[in-house]
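Lifted from TrEMBL, the feature list:
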TRANSMEM  12-32  transmembrane segment
DOMAIN    64-218  domain 'Glycosyltransferase RgtA/B/C/D-like'
TRANSMEM  85-103  transmembrane segment
TRANSMEM  115-132  transmembrane segment
TRANSMEM  161-176  transmembrane segment
TRANSMEM  182-197  transmembrane segment
TRANSMEM  209-227  transmembrane segment
TRANSMEM  257-279  transmembrane segment
TRANSMEM  291-308  transmembrane segment
TRANSMEM  314-332  transmembrane segment
TRANSMEM  344-362  transmembrane segment
TRANSMEM  368-387  transmembrane segment
TRANSMEM  399-418  transmembrane segment
Amino acid sequence: MEIRNIKIPALALVLSICAFALFLNVGSYGVIETSDARYAEISREMFESGEFIHPTLLGIKHYHKPPLTYYVTALSYSIFGVNSFAARFFIQLAILIQILFVYRLAKLLFNDKQTALWSSLIYISLPIVLISSRNLTTDPYLNTFVILSIYYWVKYRKTGVFLKLYAFALFMGLGFLTKGPLILIFPIAFVIAFNFIEPPKNKFGYQHIIASILFFAVAGTWFYIVINENHDLLNYFLGHQTVDRIAKDVFNRAKPFWYYMALAPAVGIPWLLFLPFMFSANWKSIVRSKIILVLLVAIFIPFLILSLSSSKLVPYILPLYPLIAILIAHLIRQYGLNKTHLNIILVYTVVLGCAGILATVIPNPYTFSYTIIVLSLLLWGTVFMIIKSNSLNLNTKTIYTVFVSSLFLLVVSGSIFATNSIEANSTYPVASFIKSHQLQNREILVYNRRVPSLSFHLQKPIVSIFDGSDDLNREIQFEENEDWKQNLINFQNKGEIEGFKNRLNSRKSVLILYKNRLPKEKEWLLDYYNNKEDMKKWQIYY
(Lines of atoms letter the chains of each structure in order from A and count residues from 1; the text may use other names and numbers.)
(Lines give C-alpha, C1' and ligand atoms only; values in the text may rest on other atoms or scores of the structure.)
Protein backbone atom coordinates (compact mmCIF):
# COMPACT_ATOMS: atom_id res chain seq x y z
CA MET A 1 0.00 0.00 0.00
CA GLU A 2 1.56 3.31 -1.10
CA ILE A 3 0.51 6.89 -0.41
CA ARG A 4 2.33 9.70 -2.29
CA ASN A 5 5.47 7.62 -2.68
CA ILE A 6 5.54 6.88 1.06
CA LYS A 7 5.35 3.11 1.48
CA ILE A 8 3.19 2.02 4.39
CA PRO A 9 3.08 -1.69 5.24
CA ALA A 10 -0.48 -2.86 4.59
CA LEU A 11 -0.81 -4.62 7.94
CA ALA A 12 0.44 -1.56 9.84
CA LEU A 13 -2.15 0.58 8.07
CA VAL A 14 -4.93 -1.91 8.86
CA LEU A 15 -3.92 -2.06 12.52
CA SER A 16 -3.76 1.74 12.74
CA ILE A 17 -7.22 2.17 11.21
CA CYS A 18 -8.65 -0.55 13.46
CA ALA A 19 -7.03 0.95 16.56
CA PHE A 20 -8.57 4.33 15.78
CA ALA A 21 -12.04 2.81 15.32
CA LEU A 22 -11.76 0.54 18.36
CA PHE A 23 -10.62 3.24 20.79
CA LEU A 24 -12.62 6.15 19.35
CA ASN A 25 -15.65 5.97 21.65
CA VAL A 26 -15.15 2.81 23.68
CA GLY A 27 -15.42 4.81 26.90
CA SER A 28 -18.26 7.10 25.82
CA TYR A 29 -20.93 4.94 27.47
CA GLY A 30 -21.18 3.36 30.89
CA VAL A 31 -20.66 -0.30 31.69
CA ILE A 32 -23.57 -2.40 30.48
CA GLU A 33 -25.52 -5.10 32.29
CA THR A 34 -24.88 -7.92 32.65
CA SER A 35 -21.44 -9.29 31.74
CA ASP A 36 -19.71 -5.97 31.01
CA ALA A 37 -20.85 -4.54 34.34
CA ARG A 38 -20.17 -7.73 36.28
CA TYR A 39 -16.54 -8.08 35.21
CA ALA A 40 -15.92 -4.34 35.56
CA GLU A 41 -17.27 -4.33 39.12
CA ILE A 42 -15.43 -7.48 40.23
CA SER A 43 -12.22 -5.91 38.94
CA ARG A 44 -13.02 -2.63 40.71
CA GLU A 45 -13.57 -4.41 44.02
CA MET A 46 -10.32 -6.32 43.52
CA PHE A 47 -8.43 -3.14 42.64
CA GLU A 48 -9.75 -1.16 45.61
CA SER A 49 -9.48 -3.96 48.19
CA GLY A 50 -6.11 -5.32 47.10
CA GLU A 51 -7.55 -8.85 47.40
CA PHE A 52 -6.22 -10.64 44.31
CA ILE A 53 -6.90 -14.23 45.32
CA HIS A 54 -10.59 -14.20 46.21
CA PRO A 55 -12.69 -12.18 43.71
CA THR A 56 -15.89 -10.60 45.03
CA LEU A 57 -19.03 -9.30 43.35
CA LEU A 58 -21.05 -6.80 45.40
CA GLY A 59 -19.13 -7.88 48.49
CA ILE A 60 -19.69 -11.65 48.11
CA LYS A 61 -17.04 -14.13 46.93
CA HIS A 62 -17.42 -14.95 43.24
CA TYR A 63 -15.51 -17.93 41.81
CA HIS A 64 -17.33 -18.37 38.49
CA LYS A 65 -14.20 -17.62 36.46
CA PRO A 66 -10.43 -17.70 37.08
CA PRO A 67 -9.02 -14.25 37.82
CA LEU A 68 -6.85 -13.24 34.83
CA THR A 69 -9.52 -10.95 33.33
CA TYR A 70 -9.87 -9.21 36.70
CA TYR A 71 -6.09 -8.81 37.01
CA VAL A 72 -5.78 -7.21 33.58
CA THR A 73 -8.72 -4.87 34.23
CA ALA A 74 -7.43 -3.91 37.68
CA LEU A 75 -4.10 -3.04 36.03
CA SER A 76 -5.98 -0.79 33.61
CA TYR A 77 -7.71 0.95 36.55
CA SER A 78 -4.30 1.63 38.09
CA ILE A 79 -3.30 3.42 34.86
CA PHE A 80 -6.49 5.21 33.79
CA GLY A 81 -8.62 5.26 36.93
CA VAL A 82 -11.91 3.45 37.47
CA ASN A 83 -14.07 4.21 34.43
CA SER A 84 -15.63 2.43 31.47
CA PHE A 85 -12.72 3.30 29.15
CA ALA A 86 -10.28 1.63 31.52
CA ALA A 87 -12.57 -1.39 31.88
CA ARG A 88 -12.48 -2.00 28.12
CA PHE A 89 -8.99 -0.69 27.29
CA PHE A 90 -7.14 -4.00 27.23
CA ILE A 91 -10.03 -5.62 25.34
CA GLN A 92 -9.19 -3.32 22.42
CA LEU A 93 -5.52 -4.26 22.63
CA ALA A 94 -6.54 -7.92 22.66
CA ILE A 95 -8.55 -7.41 19.46
CA LEU A 96 -5.55 -5.76 17.78
CA ILE A 97 -3.33 -8.67 18.83
CA GLN A 98 -5.92 -11.04 17.35
CA ILE A 99 -5.86 -9.17 14.03
CA LEU A 100 -2.05 -9.30 13.99
CA PHE A 101 -1.83 -13.02 14.73
CA VAL A 102 -4.64 -13.97 12.37
CA TYR A 103 -2.44 -12.34 9.72
CA ARG A 104 0.68 -14.14 10.93
CA LEU A 105 -1.06 -17.51 11.25
CA ALA A 106 -2.53 -17.27 7.75
CA LYS A 107 0.88 -16.31 6.35
CA LEU A 108 2.48 -19.22 8.20
CA LEU A 109 -0.08 -21.72 6.89
CA PHE A 110 -0.22 -20.54 3.26
CA ASN A 111 2.98 -18.51 2.79
CA ASP A 112 0.99 -15.81 1.01
CA LYS A 113 0.81 -12.19 2.15
CA GLN A 114 -2.39 -11.50 0.22
CA THR A 115 -4.23 -14.34 1.96
CA ALA A 116 -2.84 -13.17 5.29
CA LEU A 117 -3.98 -9.57 4.76
CA TRP A 118 -7.42 -10.65 3.61
CA SER A 119 -7.69 -12.95 6.63
CA SER A 120 -7.11 -10.05 9.01
CA LEU A 121 -9.59 -7.81 7.16
CA ILE A 122 -12.27 -10.50 7.04
CA TYR A 123 -11.71 -11.30 10.70
CA ILE A 124 -12.22 -7.76 12.02
CA SER A 125 -15.25 -7.36 9.76
CA LEU A 126 -17.11 -10.25 11.44
CA PRO A 127 -20.00 -9.02 13.64
CA ILE A 128 -19.10 -11.42 16.47
CA VAL A 129 -15.64 -9.84 16.70
CA LEU A 130 -17.06 -6.30 16.68
CA ILE A 131 -19.53 -7.25 19.42
CA SER A 132 -16.75 -8.76 21.54
CA SER A 133 -14.86 -5.45 21.43
CA ARG A 134 -17.70 -3.44 22.97
CA ASN A 135 -18.03 -5.37 26.24
CA LEU A 136 -15.68 -6.49 28.98
CA THR A 137 -15.91 -10.28 29.14
CA THR A 138 -13.50 -13.20 29.35
CA ASP A 139 -14.18 -14.21 25.75
CA PRO A 140 -11.91 -11.76 23.86
CA TYR A 141 -9.01 -12.65 26.16
CA LEU A 142 -9.66 -16.37 25.76
CA ASN A 143 -9.84 -15.89 21.99
CA THR A 144 -6.50 -14.09 22.02
CA PHE A 145 -4.82 -16.96 23.84
CA VAL A 146 -6.44 -19.50 21.50
CA ILE A 147 -4.99 -17.70 18.45
CA LEU A 148 -1.57 -17.34 20.07
CA SER A 149 -1.52 -21.00 21.14
CA ILE A 150 -2.38 -22.23 17.65
CA TYR A 151 0.14 -19.88 16.02
CA TYR A 152 3.01 -20.99 18.25
CA TRP A 153 2.14 -24.66 17.84
CA VAL A 154 2.30 -24.30 14.05
CA LYS A 155 5.57 -22.38 14.43
CA TYR A 156 7.01 -25.09 16.69
CA ARG A 157 5.86 -27.91 14.45
CA LYS A 158 7.39 -26.27 11.37
CA THR A 159 10.70 -25.19 12.95
CA GLY A 160 11.28 -27.52 15.89
CA VAL A 161 12.40 -24.55 18.01
CA PHE A 162 11.55 -25.36 21.63
CA LEU A 163 11.03 -21.71 22.54
CA LYS A 164 7.89 -21.86 20.37
CA LEU A 165 6.73 -24.92 22.32
CA TYR A 166 7.16 -23.01 25.58
CA ALA A 167 5.18 -20.10 24.13
CA PHE A 168 2.40 -22.55 23.22
CA ALA A 169 2.35 -23.89 26.78
CA LEU A 170 2.40 -20.38 28.27
CA PHE A 171 -0.56 -19.14 26.25
CA MET A 172 -2.51 -22.33 26.90
CA GLY A 173 -1.92 -21.76 30.60
CA LEU A 174 -3.02 -18.13 30.40
CA GLY A 175 -6.14 -19.25 28.54
CA PHE A 176 -6.90 -21.70 31.34
CA LEU A 177 -6.40 -18.90 33.87
CA THR A 178 -8.93 -16.88 31.86
CA LYS A 179 -11.81 -19.31 31.39
CA GLY A 180 -10.79 -22.68 32.72
CA PRO A 181 -10.87 -25.89 30.65
CA LEU A 182 -12.69 -24.27 27.70
CA ILE A 183 -9.25 -23.29 26.34
CA LEU A 184 -8.47 -26.97 25.78
CA ILE A 185 -11.20 -27.49 23.18
CA PHE A 186 -10.04 -25.13 20.43
CA PRO A 187 -6.23 -25.45 20.18
CA ILE A 188 -6.22 -29.19 20.89
CA ALA A 189 -8.65 -29.86 18.03
CA PHE A 190 -6.34 -27.91 15.71
CA VAL A 191 -3.17 -29.54 17.08
CA ILE A 192 -4.50 -33.07 16.55
CA ALA A 193 -5.57 -32.32 12.98
CA PHE A 194 -2.45 -30.33 12.07
CA ASN A 195 -0.10 -33.00 13.38
CA PHE A 196 -1.36 -35.38 10.68
CA ILE A 197 0.02 -33.16 7.93
CA GLU A 198 3.10 -31.69 9.64
CA PRO A 199 5.57 -34.31 10.92
CA PRO A 200 7.47 -33.55 14.15
CA LYS A 201 10.97 -32.11 14.03
CA ASN A 202 11.85 -33.44 17.51
CA LYS A 203 11.37 -36.61 19.49
CA PHE A 204 9.70 -36.45 22.89
CA GLY A 205 12.21 -35.16 25.43
CA TYR A 206 12.72 -33.20 28.61
CA GLN A 207 11.72 -29.99 26.79
CA HIS A 208 8.19 -31.35 26.45
CA ILE A 209 8.15 -32.07 30.18
CA ILE A 210 9.28 -28.49 30.88
CA ALA A 211 6.49 -27.20 28.62
CA SER A 212 3.95 -29.32 30.50
CA ILE A 213 5.21 -28.03 33.84
CA LEU A 214 4.99 -24.46 32.52
CA PHE A 215 1.37 -25.00 31.46
CA PHE A 216 0.32 -26.48 34.80
CA ALA A 217 2.20 -23.81 36.76
CA VAL A 218 0.51 -20.95 34.90
CA ALA A 219 -2.90 -22.61 34.68
CA GLY A 220 -3.05 -24.15 38.13
CA THR A 221 -1.32 -21.89 40.67
CA TRP A 222 -4.41 -19.81 41.51
CA PHE A 223 -6.61 -22.92 41.64
CA TYR A 224 -4.11 -24.61 43.97
CA ILE A 225 -4.03 -21.63 46.33
CA VAL A 226 -7.80 -21.26 46.70
CA ILE A 227 -8.49 -25.01 46.88
CA ASN A 228 -5.76 -25.40 49.48
CA GLU A 229 -7.55 -22.77 51.57
CA ASN A 230 -11.00 -24.29 51.04
CA HIS A 231 -11.19 -27.91 49.85
CA ASP A 232 -14.89 -27.52 48.93
CA LEU A 233 -13.81 -25.40 45.97
CA LEU A 234 -12.41 -28.48 44.21
CA ASN A 235 -15.88 -29.99 43.90
CA TYR A 236 -17.27 -26.55 43.06
CA PHE A 237 -14.88 -26.07 40.12
CA LEU A 238 -15.09 -29.63 38.79
CA GLY A 239 -18.74 -30.29 39.51
CA HIS A 240 -20.73 -27.06 39.51
CA GLN A 241 -18.63 -24.90 37.19
CA THR A 242 -17.58 -27.61 34.71
CA VAL A 243 -19.79 -30.72 34.64
CA ASP A 244 -23.02 -28.90 35.54
CA ARG A 245 -22.42 -26.23 32.90
CA ILE A 246 -22.18 -28.98 30.29
CA ALA A 247 -24.93 -31.30 31.49
CA LYS A 248 -27.40 -29.10 33.38
CA ASP A 249 -29.13 -25.73 33.10
CA VAL A 250 -27.55 -24.29 36.24
CA PHE A 251 -27.19 -20.74 34.87
CA ASN A 252 -30.39 -20.54 32.79
CA ARG A 253 -28.36 -20.80 29.58
CA ALA A 254 -29.70 -24.09 28.21
CA LYS A 255 -30.35 -23.94 24.49
CA PRO A 256 -31.30 -26.59 21.89
CA PHE A 257 -28.64 -28.47 19.93
CA TRP A 258 -29.26 -26.40 16.78
CA TYR A 259 -28.78 -23.05 18.60
CA TYR A 260 -25.30 -22.37 17.20
CA MET A 261 -26.27 -23.64 13.76
CA ALA A 262 -28.86 -20.87 13.59
CA LEU A 263 -26.79 -18.06 15.10
CA ALA A 264 -23.27 -18.77 13.83
CA PRO A 265 -24.09 -17.48 10.31
CA ALA A 266 -25.85 -14.41 11.74
CA VAL A 267 -22.75 -13.29 13.66
CA GLY A 268 -20.58 -14.10 10.64
CA ILE A 269 -22.50 -11.96 8.13
CA PRO A 270 -21.81 -11.60 5.26
CA TRP A 271 -18.92 -14.03 4.89
CA LEU A 272 -20.58 -17.14 6.30
CA LEU A 273 -23.47 -16.62 3.88
CA PHE A 274 -21.04 -16.85 0.95
CA LEU A 275 -19.19 -19.89 2.28
CA PRO A 276 -21.72 -22.62 1.28
CA PHE A 277 -21.80 -21.37 -2.32
CA MET A 278 -18.01 -21.31 -2.51
CA PHE A 279 -17.89 -24.89 -1.21
CA SER A 280 -20.58 -26.18 -3.55
CA ALA A 281 -18.85 -24.69 -6.59
CA ASN A 282 -15.37 -25.97 -5.74
CA TRP A 283 -15.82 -28.96 -3.43
CA LYS A 284 -13.83 -31.43 -5.53
CA SER A 285 -10.60 -29.45 -5.26
CA ILE A 286 -11.36 -28.32 -1.70
CA VAL A 287 -11.48 -31.87 -0.31
CA ARG A 288 -8.04 -32.56 -1.83
CA SER A 289 -6.44 -29.75 0.18
CA LYS A 290 -4.95 -31.08 3.41
CA ILE A 291 -4.72 -27.68 5.11
CA ILE A 292 -8.37 -26.89 4.31
CA LEU A 293 -9.36 -30.22 5.85
CA VAL A 294 -7.32 -29.35 8.95
CA LEU A 295 -9.14 -26.04 9.27
CA LEU A 296 -12.52 -27.70 8.79
CA VAL A 297 -11.79 -30.33 11.46
CA ALA A 298 -10.47 -27.67 13.86
CA ILE A 299 -13.71 -25.70 13.36
CA PHE A 300 -16.18 -28.60 13.32
CA ILE A 301 -15.03 -30.56 16.41
CA PRO A 302 -15.26 -27.62 18.88
CA PHE A 303 -18.52 -26.54 17.23
CA LEU A 304 -19.97 -30.01 17.80
CA ILE A 305 -18.76 -30.15 21.41
CA LEU A 306 -20.24 -26.73 22.19
CA SER A 307 -23.51 -27.68 20.48
CA LEU A 308 -23.77 -30.81 22.65
CA SER A 309 -23.18 -28.77 25.82
CA SER A 310 -26.27 -27.60 27.69
CA SER A 311 -24.94 -24.13 28.48
CA LYS A 312 -24.81 -21.96 25.36
CA LEU A 313 -24.04 -18.31 24.70
CA VAL A 314 -23.00 -16.82 21.36
CA PRO A 315 -19.58 -15.58 22.62
CA TYR A 316 -18.59 -19.18 23.40
CA ILE A 317 -18.05 -19.82 19.66
CA LEU A 318 -15.89 -16.70 19.16
CA PRO A 319 -12.60 -18.71 19.07
CA LEU A 320 -13.82 -20.51 15.94
CA TYR A 321 -13.87 -17.35 13.86
CA PRO A 322 -10.11 -16.72 13.43
CA LEU A 323 -9.87 -20.05 11.60
CA ILE A 324 -13.10 -19.32 9.72
CA ALA A 325 -11.66 -15.98 8.54
CA ILE A 326 -8.45 -17.67 7.38
CA LEU A 327 -10.42 -20.38 5.59
CA ILE A 328 -12.60 -17.83 3.78
CA ALA A 329 -9.59 -15.72 2.77
CA HIS A 330 -7.84 -18.78 1.34
CA LEU A 331 -10.94 -19.84 -0.61
CA ILE A 332 -11.29 -16.35 -2.05
CA ARG A 333 -7.61 -16.36 -2.99
CA GLN A 334 -7.97 -19.76 -4.67
CA TYR A 335 -11.37 -19.50 -6.32
CA GLY A 336 -12.35 -15.84 -6.20
CA LEU A 337 -15.59 -13.98 -5.66
CA ASN A 338 -17.95 -12.89 -8.41
CA LYS A 339 -19.88 -9.77 -9.35
CA THR A 340 -22.97 -11.01 -7.50
CA HIS A 341 -21.05 -11.13 -4.22
CA LEU A 342 -19.88 -7.55 -4.70
CA ASN A 343 -23.38 -6.35 -5.60
CA ILE A 344 -24.81 -7.98 -2.47
CA ILE A 345 -22.21 -6.16 -0.38
CA LEU A 346 -22.97 -2.85 -2.10
CA VAL A 347 -26.68 -3.25 -1.33
CA TYR A 348 -25.75 -4.10 2.26
CA THR A 349 -23.65 -0.92 2.46
CA VAL A 350 -26.42 1.26 1.03
CA VAL A 351 -28.90 -0.22 3.52
CA LEU A 352 -26.51 0.47 6.42
CA GLY A 353 -26.09 4.10 5.43
CA CYS A 354 -29.82 4.60 4.85
CA ALA A 355 -30.61 3.02 8.21
CA GLY A 356 -28.22 5.41 9.93
CA ILE A 357 -29.71 8.48 8.21
CA LEU A 358 -33.36 7.46 8.64
CA ALA A 359 -32.90 6.55 12.30
CA THR A 360 -31.53 10.05 12.88
CA VAL A 361 -34.19 12.07 11.03
CA ILE A 362 -37.36 10.01 11.62
CA PRO A 363 -38.93 10.44 15.10
CA ASN A 364 -38.49 7.30 17.23
CA PRO A 365 -38.08 6.39 20.93
CA TYR A 366 -34.29 6.46 20.70
CA THR A 367 -31.75 9.27 20.46
CA PHE A 368 -29.32 9.37 17.54
CA SER A 369 -26.49 11.84 17.06
CA TYR A 370 -26.38 13.79 13.79
CA THR A 371 -22.79 12.61 13.41
CA ILE A 372 -24.31 9.31 12.23
CA ILE A 373 -25.51 11.12 9.09
CA VAL A 374 -21.97 12.36 8.46
CA LEU A 375 -20.60 8.86 9.05
CA SER A 376 -23.18 7.37 6.66
CA LEU A 377 -22.16 9.81 3.91
CA LEU A 378 -18.50 9.11 4.66
CA LEU A 379 -19.20 5.38 4.37
CA TRP A 380 -20.80 5.81 0.95
CA GLY A 381 -18.01 8.10 -0.23
CA THR A 382 -15.30 5.67 0.84
CA VAL A 383 -17.05 2.72 -0.78
CA PHE A 384 -17.51 4.73 -3.99
CA MET A 385 -13.75 5.38 -4.15
CA ILE A 386 -13.04 1.68 -3.53
CA ILE A 387 -15.39 0.58 -6.32
CA LYS A 388 -14.02 3.15 -8.78
CA SER A 389 -10.38 2.27 -8.08
CA ASN A 390 -8.63 0.79 -11.10
CA SER A 391 -5.83 -0.69 -8.99
CA LEU A 392 -8.08 -3.07 -7.03
CA ASN A 393 -9.49 -6.35 -8.30
CA LEU A 394 -13.03 -7.55 -7.56
CA ASN A 395 -11.96 -9.69 -4.59
CA THR A 396 -10.12 -6.83 -2.93
CA LYS A 397 -12.96 -4.37 -3.59
CA THR A 398 -15.43 -6.72 -1.92
CA ILE A 399 -13.23 -7.32 1.12
CA TYR A 400 -12.38 -3.62 1.53
CA THR A 401 -16.07 -2.66 1.26
CA VAL A 402 -17.09 -5.10 4.00
CA PHE A 403 -14.17 -3.89 6.14
CA VAL A 404 -15.20 -0.22 5.83
CA SER A 405 -18.85 -1.10 6.51
CA SER A 406 -17.85 -2.97 9.66
CA LEU A 407 -15.80 -0.03 10.94
CA PHE A 408 -18.88 2.13 10.33
CA LEU A 409 -20.93 -0.22 12.53
CA LEU A 410 -18.21 -0.20 15.18
CA VAL A 411 -18.08 3.59 15.46
CA VAL A 412 -21.84 4.10 15.17
CA SER A 413 -22.59 1.49 17.85
CA GLY A 414 -20.55 3.45 20.39
CA SER A 415 -22.43 6.62 19.51
CA ILE A 416 -25.79 4.87 19.89
CA PHE A 417 -24.84 3.34 23.25
CA ALA A 418 -23.68 6.75 24.49
CA THR A 419 -26.95 8.51 23.63
CA ASN A 420 -29.19 5.64 24.75
CA SER A 421 -27.49 4.48 27.93
CA ILE A 422 -30.57 3.24 29.77
CA GLU A 423 -31.93 1.44 26.71
CA ALA A 424 -28.50 -0.17 26.31
CA ASN A 425 -28.77 -1.48 29.89
CA SER A 426 -26.39 0.92 31.61
CA THR A 427 -27.20 2.65 34.90
CA TYR A 428 -24.77 5.49 34.23
CA PRO A 429 -27.65 8.07 34.06
CA VAL A 430 -29.04 6.73 37.35
CA ALA A 431 -25.66 7.09 39.04
CA SER A 432 -25.27 10.58 37.55
CA PHE A 433 -28.63 11.62 39.00
CA ILE A 434 -27.65 10.31 42.42
CA LYS A 435 -24.36 12.19 42.31
CA SER A 436 -25.88 15.43 41.00
CA HIS A 437 -28.37 15.45 43.90
CA GLN A 438 -25.63 14.73 46.47
CA LEU A 439 -27.22 11.40 47.38
CA GLN A 440 -24.15 9.21 46.86
CA ASN A 441 -23.26 9.17 50.56
CA ARG A 442 -26.58 7.57 51.43
CA GLU A 443 -27.10 3.83 51.48
CA ILE A 444 -28.10 2.74 47.97
CA LEU A 445 -30.76 0.01 47.93
CA VAL A 446 -31.74 -1.95 44.81
CA TYR A 447 -34.87 -4.07 45.02
CA ASN A 448 -34.73 -7.67 43.74
CA ARG A 449 -32.19 -7.08 41.00
CA ARG A 450 -28.42 -7.49 40.82
CA VAL A 451 -27.03 -4.26 39.36
CA PRO A 452 -23.21 -4.20 39.56
CA SER A 453 -23.09 -1.31 37.06
CA LEU A 454 -24.59 1.00 39.68
CA SER A 455 -21.95 0.05 42.23
CA PHE A 456 -19.29 0.57 39.56
CA HIS A 457 -20.46 4.04 38.53
CA LEU A 458 -20.96 5.18 42.12
CA GLN A 459 -17.69 3.49 43.12
CA LYS A 460 -19.20 2.32 46.39
CA PRO A 461 -20.96 -0.78 47.75
CA ILE A 462 -24.70 -1.03 47.19
CA VAL A 463 -27.29 -3.10 49.06
CA SER A 464 -29.27 -5.67 47.07
CA ILE A 465 -32.71 -6.67 48.37
CA PHE A 466 -33.36 -10.31 47.49
CA ASP A 467 -37.01 -11.19 46.98
CA GLY A 468 -36.89 -14.26 44.74
CA SER A 469 -34.78 -13.04 41.80
CA ASP A 470 -32.50 -15.77 40.41
CA ASP A 471 -29.57 -13.42 39.87
CA LEU A 472 -29.60 -12.47 43.57
CA ASN A 473 -29.64 -16.08 44.75
CA ARG A 474 -25.96 -15.70 45.58
CA GLU A 475 -23.46 -18.43 46.45
CA ILE A 476 -22.63 -17.65 50.07
CA GLN A 477 -21.22 -21.06 51.04
CA PHE A 478 -17.66 -19.76 50.85
CA GLU A 479 -18.19 -16.77 53.14
CA GLU A 480 -16.23 -17.00 56.39
CA ASN A 481 -18.43 -14.61 58.38
CA GLU A 482 -21.71 -12.73 58.04
CA ASP A 483 -20.32 -9.43 56.76
CA TRP A 484 -21.97 -10.18 53.41
CA LYS A 485 -25.37 -9.53 55.00
CA GLN A 486 -24.54 -5.83 54.92
CA ASN A 487 -24.76 -6.06 51.10
CA LEU A 488 -27.61 -8.55 50.67
CA ILE A 489 -30.97 -8.39 52.47
CA ASN A 490 -33.26 -11.43 52.27
CA PHE A 491 -36.86 -10.24 52.04
CA GLN A 492 -38.05 -13.83 52.06
CA ASN A 493 -36.91 -14.03 55.66
CA LYS A 494 -39.37 -12.17 57.91
CA GLY A 495 -36.76 -11.80 60.62
CA GLU A 496 -34.45 -9.92 58.27
CA ILE A 497 -37.29 -7.62 57.19
CA GLU A 498 -37.87 -6.44 60.75
CA GLY A 499 -34.19 -5.76 61.24
CA PHE A 500 -34.08 -3.96 57.92
CA LYS A 501 -36.90 -1.62 58.99
CA ASN A 502 -34.78 -0.54 61.94
CA ARG A 503 -31.91 0.03 59.53
CA LEU A 504 -34.10 2.26 57.35
CA ASN A 505 -35.08 4.33 60.38
CA SER A 506 -31.49 4.82 61.48
CA ARG A 507 -29.84 5.94 58.22
CA LYS A 508 -30.75 7.80 55.04
CA SER A 509 -31.05 5.75 51.89
CA VAL A 510 -31.98 5.75 48.20
CA LEU A 511 -34.24 3.02 46.80
CA ILE A 512 -33.91 1.90 43.16
CA LEU A 513 -36.70 -0.03 41.45
CA TYR A 514 -36.65 -1.66 38.03
CA LYS A 515 -39.83 -1.10 35.97
CA ASN A 516 -41.80 -0.35 39.15
CA ARG A 517 -41.63 -4.01 40.10
CA LEU A 518 -42.61 -3.80 43.75
CA PRO A 519 -45.30 -6.20 45.03
CA LYS A 520 -48.27 -4.58 46.76
CA GLU A 521 -47.36 -6.18 50.09
CA LYS A 522 -43.92 -4.53 49.91
CA GLU A 523 -45.17 -1.02 49.12
CA TRP A 524 -44.52 -0.02 52.73
CA LEU A 525 -40.92 0.48 51.53
CA LEU A 526 -41.99 3.63 49.69
CA ASP A 527 -43.21 5.24 52.93
CA TYR A 528 -39.58 5.95 53.85
CA TYR A 529 -39.11 8.31 50.90
CA ASN A 530 -40.55 11.70 49.96
CA ASN A 531 -39.22 12.13 46.42
CA LYS A 532 -39.31 10.09 43.24
CA GLU A 533 -37.51 10.37 39.91
CA ASP A 534 -38.58 8.32 36.88
CA MET A 535 -35.76 7.45 34.50
CA LYS A 536 -37.50 5.28 31.91
CA LYS A 537 -37.23 1.73 33.27
CA TRP A 538 -35.62 2.86 36.54
CA GLN A 539 -37.37 4.58 39.46
CA ILE A 540 -35.36 6.41 42.11
CA TYR A 541 -36.87 7.07 45.56
CA TYR A 542 -35.08 9.37 48.00
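Each residue's number is its place along the chain shown, starting with 1.
Every residue gets a Cβ built from N, Cα and C, even glycine.
Curation plays no part in TrEMBL annotations; they are all automatic predictions.
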Item to check | Average pLDDT across the domain 'Glycosyltransferase RgtA/B/C/D-like' (64-218), rounded to a whole number | outcome: 97
Checklist entry - Per the 3+ Cβ pairs under 8 Å rule, pairs at least 6 apart in sequence, do the transmembrane segment (314-332) and the transmembrane segment (344-362) touch? => result no
Item to check | Touch test for the transmembrane segment (257-279) and the transmembrane segment (115-132), at least 3 Cβ pairs under 8 Å | outcome: yes
Checklist entry - When each of 115-132, 182-197, 344-362, 368-387 is checked against the transmembrane segment (291-308) for Cβ pairs under 8 Å, which one has the most? => result 182-197
Checklist entry - Sequence-remote contacts (6 or more beyond its ends) of the transmembrane segment (368-387), Cβ cut-off under 8 Å? => result 346, 349-350, 352-354, 356-357, 359-361, 397, 400-401, 404-405, 408, 411-412, 415-416, 418-419
Checklist entry - So which residues does the transmembrane segment (182-197) touch in its own chain, when a touch means Cβ under 8 Å and the partner is 6 or more beyond its ends? => result 142, 145-146, 149-150, 153-154, 157, 168, 172, 175-176, 290-291, 293-294, 297-298, 301-302, 305-306, 316, 319-320, 323
